[in-house]
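If you look up TrEMBL, you'll see His450, His455, Glu508 marked as Zn(2+) binding site. For Glu451, the entry in TrEMBL reads active site.
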Amino acid sequence: MVDSQYYLPNDIGISALDCSEAFRLLSPQEKMYAHYLSRASWYGGLAVLLQTSPESANIFVLLQRIFRKQTPAQLEQVATAAGLSSEEYQAFLVYAAGLYANMGNYKSFGDTKFIPNLPKDKLKALVWASQAFQEQPAEMEALWDSCSCLLYSLENRQKQLGLGDKGITTYFSGNCCLEDAELAQKFLDSKKLSAYNTRLFKKEDGGKTCYEVRLASAVQKGQTAVKKAKTKGKKCFSFEDKEFTVKRGDYSPIMEKVCYYLEKAQAYAANENQRKMLEEYTRSFTLGSIEAHKEGSRYWIKDKGPIVESYIGFIESYRDPFGSRGEFEGFVAVVNKAMSERFAKLVSSAEVLLPELPWPQEFEKDTFLKPDFTSLDVLTFAGSGIPAGINIPNYDDIRQTEGFKNVSLGNVLAVAYATQKEKLTFLEEGDKDLFIKWKGPSFEVQVGLHELLGHGSGKLFVQDDKGKFNFDQSKVINPETGEPVSSWYRGSETWDSKFSTIASSYEECRAECVGLYLCLNKQVLSIFGHEGQDADDVVYINWLSMVRAGLLGLEFYTPDSKSWRQAHMQARFVILRVLLEAGEGLVGLEEVTGEDGKPDARITLDRSKIPTVGKNAIHRFLCKLQVFKSTADVEGGRAVYDNYSTVSDTGAHNFLRLRETVLLRKEARKMFVQANTRISEGKRSLVEYEGSAAGLIRSFTERFQDDAEQLESSLLELSKQDAPCWC
């Protein structure tokens, strides 16, 4: 029997993202703008297949070829004739939907591999019986042979994403380890190159180690991204007795399509900021320049309150095992004006709320750059998954001095966190109705605080290349030691490059703590329309939801490698540990036997102690997190964070045993079906699909129908070129 965490259940939740009303209200020009940005996003999102695993692109092409010839409904009769039961065919559809939704065969949330929940010989029989195989038997057999072994393989290293012997990654060649990643980061820092749009390939040449840093770009030749280097698309450098080559052209055909559609979108931009933003993005994806992307992001920040909001590029670094390289994503969304008004009020109150945070004034940014904060209905979100809220750009230098934007994805929130009472695990019966009633509203408050005042707060102490400091060394005192600040970021060091493997989770933990801390503020609750008893209930459910999430987070811990696979869930487990440590009966966690006779757990929270014991615990911990972050104290920050992240079977709670209980009772994460935009005879329309595995599959086969064969050929070629690097 295959462990259930490695396949997707047949009854997995699949919901359609509703954006029909939002799209209908757009003007013809706005619809064209949204259409072309959506196309750019969807094509760019295909790069994620190549960023995930060696086999993902080939599996994607295999599925596309099958479903382009026969819809899921048409293929069902073929499956029955080939000997598949209805459950097995449904398992195949769910697997295909999962691959599309995650843009690869590893879960975007948790980084665990998933395989089809039907025998390999049954799947092979279905492929052989398909019309696609009947028409092109040699090509389809070759495609099957290229990916079928890895499609089903659950060897230890292949069970999860990771670096070296800890898992699979295609951000690094198969022979790279942590030391290679660290050396490459030093090299990139020395050349003032960002790692966001790179991958690293290591080769041995005549006994000498050579590294190839590959930049994502449409062009493959011409001047490289390193100044004064004008060789044919690459330049060699000697660094710490190793050879480094910087080369353009990673994902080249995909980047070409992105640039093509961004140029089309420019003609429909609403203003000069949008036009210049798209111009810089196009330059970034053409040349592989993060500086151009930063410039585009500056124009994006200046584009206040657009009707159609978007962002695109190599953005989040959660899935790079080293924490520096960005996964491609692109979104297009329409502003929900009513909900956005609440967030605008929160922004207006930010300067009053920031001083409430538990660190000294010197540790806060010199000025709060009021960002746009809008609630959006997602039209398109291409990449490996869809978050509930976003705070971008991720470039520290821009965020610290020029600003950022926050978005809350309203139509995602509406369906992602709807919960059925019978599926609510680990809570007391008396809490369940309250939890269902207030989970959505409390999460909305948490997302707002997390994004705006969590990610948007705190200063980084920096000494620039010219030796200039952005703080007064003689006066700023470290509140944890009582001594003057003795460490800071130097030159081109960034939060991600300095804190690397823990940066993402640590920052999510800091932002979650800000949300817990400030949701106790009556003014915040009032902004979101909660007063009196309702406000108290929102606070209680927000805190209860966090401690429950900390327990649920154990699903995303791998005991064999002692590693966490999901930044947010590690953060929530850390918070659970902090609140348990606070004692005084604030949080209770006990192992029990469920009504079904199997192991269960029960989590409780004393709501009367949240404003005292709970607040004090988060106050102390949050101050520590900020001080380590501000002062670039990696050693101190890592020691504290790793300590709370430890999952063991000793101490007051046997977390390793609790992890088994969590796995036994886990619910699969929902998948989303997204609409397509289409232009036909000058008319702009939205094509919607049902919220099912079949609907999700159809949305993808119709998404790329214009140039399907050329696109599939490009993906296979890119996959084939890299194949020798993973051995």
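Even glycines carry a Cβ here, placed using N, Cα and C.
Since the structure is predicted, the reported quantities are computational estimates derived from the model, not experimental observations.
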Non-site residues, in chain order, whose CB comes within 8 A of the mean position of the CB atoms of His450, His455, Glu508 at Zn(2+):
Asn391, Glu451, Gly454, Glu507, Arg510, Ala511, Glu512, Val514, Gly515
List the same-chain residues at least 6 positions away in sequence whose Cβ sits under 8 Å from the Cβ of Glu508 (Zn(2+) binding site), in sequence order, or say none.
Ala567, His568, Gln570, Ala571
Around the C-beta of His450 (Zn(2+) binding site), how many further C-beta atoms are within 10 angstroms, looking at every protein chain?
28
These are the recorded positions: Glu451, His455. Which one scores highest on other Cβ atoms within 10 Å?
Glu451
